[in-house]
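Notes follow once the structure below has been shown.
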């Protein structure tokens, strides 16, 4: 199996009401997102997924979050914008985008979100 990943960054603020610490106040991060796709095979050019295509899939979502206050985003009106929820949001949206692809050999594997090193949250669906 082949696994490829693309990394992107965005800057955003958030508040975690009810959190027993400083994160309950307005603060921001330079978030890092790493998205991984898997494929059992390669295309005729020897690629699982073209890196530029991967960036094209992820780019609009990063732009949507960049320089925003995450609590104001419609997805986070019903949930707190934790790293875990940001990873889930990105995974969900990418899965929707990927569903329109005709190439079924490439599968969205996971989304990892780091709000600051060394802390990372990963979302992936389990199979079976």
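Cβ coordinates are placed from backbone N, Cα and C, and glycine is handled just like the others.
In the three-state DSSP reading, residue 14 (Zn(2+) binding site) counts as strand. Over all protein chains present, the Cβ of residue 14 (Zn(2+) binding site) has 24 other Cβ atoms lying within 10 Å. Residues annotated as Zn(2+) binding site in TrEMBL: 14, 27, 29.
Under DSSP, residue 23 (active site, proton acceptor) is assigned to a helix (H, G or I) in the three-state scheme. Using a 10 Å radius centred on the Cβ of residue 23 (active site, proton acceptor) and all shown protein chains, the other Cβ atoms total 16. Among the features that TrEMBL reports, active site, proton acceptor is placed at 23.
DSSP gives residue 67 (active site, charge relay system) a coil state; it is part of no helix or strand. Look at TrEMBL and you will find 67 (among others) tagged as active site, charge relay system.
Feature annotation from TrEMBL assigns active site, charge relay system to 115 (among others). Residue 115 (active site, charge relay system): 20 other CB atoms within 10 A of its CB, across all protein chains.
Put simply, 14 is the one of the recorded positions 14, 29, 67, 115 whose Cα lies nearest to the Cα of residue 23 (active site, proton acceptor). Checking Cα-Cα distances from residue 115 (active site, charge relay system) against the recorded positions (14, 27, 29, 67) with a 10 Å cut-off leaves 29, in sequence order. Cβ crowding, taken as the number of other Cβ atoms within 10 Å, peaks at 29 among the recorded positions 27, 29, 67.
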